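Heads up: the structure comes next, in structure tokens.
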Amino acid sequence: MCSSEECLIDKSWTSEEKCEYIKCNQDSCEGGGYLTWSHYVKCQYNIGVRVILIILGILYLIILFVIMSSIADDFFCPAISGIVSHLRMSESIAGVTFLAFGNGAPDVFSSISSVLTTPKPKADLALGDLFGTSIFVTTVVLAIIIFTKSFKVAIIPTLRDLIFYMTTLAFIVFCFLKFDKIEVWMPATFLGIYGVYVVTVIILGIYRTHRKKRNLKKKNKELEDFLSRPSSAASTTPIFGAMKLKEETISVSALFHFMIGYSQFIKNLTRANLKRTTNNNNNDNKNEKRGIVNLGFSEPYSIPSERKISTIFKQNTFETDLESLESLADLDGSDDEGREEKFGYAHHTVFTSHDQISLVASEIEEIEITTWRSWDWVWDLFNHLKSWPSRDEFSEMNIFIKIVTVIKVVPVFFFKLTVPSNEMSWCKPLFILHCFASIQFALFSIQIITLKPFDGSPGLWLYGLGFSAILAMVAMYFLPLSKEQKYYKEIYSYLGFLMSIAWIYATSNEIVSVVTMIGVVTGLSMELLGLTIMAWSNCIGDIVADIAVVKQGYPKMAMAAAIGGPLFNLLIGFGLPFTIAAAQGKEMELLINPVYRLLMLFLGISLVTTFVALFIQRFTVRRPHAVLLIFIFVVFLIFICLAEFHVLEWN
């Protein structure tokens, strides 16, 4: 009965026998978290209490998904953005490495947790989650994006991602058909495919940059020729008729963006406007999110046609160098990949990079602290640890966001207590708390807090406490109370990255534990639970973010995330944990059961459908394409249910 590779409970067993089986096979019947839900439920012989435990487990699962979403969006992604900024990585490299890792963190860590936390890896749960997420995103999420707005796709990036995706799927099918267990070279090949993908992105990015610079040099010369015309001609030429270069008019919106971005005068006005918006939110911007100022002006500005170009040039000084023109071309949107704007994702709302700065600035009130004797430092610490919105902000939320916000109050408090954030201002008391809380939670998250390095030794928690005390004393003596340190943001980016991983990893273990309990109680397979509960819950944030991105005018970015995101999750989520597990000597079977056949079949159908539809529609996605994707997903669900209940047998 013990050492079973799968948690298979016979319905004819008594309750005591089922409980003993769970205790004897915790590696296969539990998920690796601190709470052993299968044991709690199956070893409870009172039916009423058992039902209550199951309900509590489901509620706990919902809270865990909220925690996962919050830590990934509000702490992990900003930390990654800070690291990318510090390393000065190009957008193409950052987009397929750090930023993709940030977006796919829940899926990747769920896979790592289900594979590495037990001696007998749950490969079926990991693959079910990855495949289920892939199908859901490439059908439902992509369809929602298209329903929101029809648009012309970025041709080269979209085709690149689809080709790599279909190649990866073909390799998975090959492995399932030819082998019955996972060898170390199989997941390593996935990591190799990801390496080739990154190199391809870099090469295409270099080519695109070279092409853009060549075109911009040409436009630079033409613009200089235009500006060198006699001032009398320029002063009487309306802006809508004068800026014609090679029969291609530069939009007024792009020109206005250009002058705003490179005029110190306008920058100063923007800072003043930002300050006014933060402090006087209850006036004209009462219905907008407090502290948010869109410095990019997503809507085109209209300038009266009678305004003369010479007047504008006199009011705003700027240089017409190559770098400035590069920004002008990006804003004009003529590039195949569309406008390139760095995005932050916080509180289920997508903001541009400068918007997010405003958001953070509005959340924490600045307090000047001069001495420990005053109690200002207590109020400053309270503001930094505050995890609930103001009354005005809460009243403006809809009912769903209010519920999520209430759920997040306690978790966010512990996030702020243990995760250094590069978005918050310097707070020395909070740094000292981080010295203790962060180290203890890091040990707790990987379940070694009570581990004894040798016989007679105290647990690692005591060693961590001693190390924390040393750090705290150094901070007390050397760090100033109010002045922000030079590399504070950079250091907090890396520390926040590590602590966010600790939270995501611990949360993933608990999620797997609850999902495993549901499988034990209902008798449903791990594949079905992975491709439904785990996959769909991880996609809720994607839907919210992608719709927001589309509504802000960036549908190409949303579509790139809908295709490139699951590709990254599949390559890294399968390649990394299974490579480590195989290197450790763990045996993992490759069972091509009907569920896996359907997963691979319908994922291939969805990818091929999108690939062919792009050519048929001449790379402009429309609603019939979205309807077809929804139909594919509905048919997939029907077949999965038939296969799960053995109505459909695929031999």
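Glycine is no exception: its Cβ is also placed from the backbone N, Cα and C atoms.
Database features, via Swiss-Prot:
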TOPO_DOM  72-91  topological domain 'Cytoplasmic'
TOPO_DOM  113-126  topological domain 'Extracellular'
TOPO_DOM  148-161  topological domain 'Cytoplasmic'
TOPO_DOM  205-398  topological domain 'Cytoplasmic'
TOPO_DOM  420-428  topological domain 'Extracellular'
TOPO_DOM  450-458  topological domain 'Cytoplasmic'
TOPO_DOM  480-486  topological domain 'Extracellular'
TOPO_DOM  532-559  topological domain 'Extracellular'
TOPO_DOM  581-595  topological domain 'Cytoplasmic'
TOPO_DOM  617-626  topological domain 'Extracellular'
TOPO_DOM  648-651  topological domain 'Cytoplasmic'
TRANSMEM  51-71  transmembrane segment
TRANSMEM  92-112  transmembrane segment
TRANSMEM  127-147  transmembrane segment
TRANSMEM  184-204  transmembrane segment
TRANSMEM  399-419  transmembrane segment
TRANSMEM  429-449  transmembrane segment
TRANSMEM  459-479  transmembrane segment
TRANSMEM  487-507  transmembrane segment
TRANSMEM  511-531  transmembrane segment
TRANSMEM  560-580  transmembrane segment
TRANSMEM  596-616  transmembrane segment
TRANSMEM  627-647  transmembrane segment
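Per-residue pLDDT, averaged over the topological domain 'Cytoplasmic' (148-161), rounds to 85. Sequence-distant residue pairs (6 or more apart) of the transmembrane segment (511-531) and the transmembrane segment (51-71) include at least 3 whose Cβ atoms are under 8 Å, placing the two stretches in contact. Sequence-distant residue pairs (6 or more apart) of the transmembrane segment (127-147) and the transmembrane segment (459-479) include fewer than 3 whose Cβ atoms are under 8 Å, leaving the two stretches without contact. 51-71 is the stretch from 51-71, 429-449, 596-616 with the greatest number of Cβ pairs below 8 Å to the transmembrane segment (399-419). Each residue in the topological domain 'Cytoplasmic' (72-91) gets a DSSP state, and the totals come to 17 helix, 0 strand, 3 coil. For the transmembrane segment (429-449), same-chain residues at least 6 beyond its ends with a Cβ under 8 Å from one of its own Cβ atoms are 34, 377-378, 380-381, 384-385, 416-420, 459-461, 464-465, 467-469, 471-472, 475-476, 479, 495, 498-499, 502-503, 505-506.
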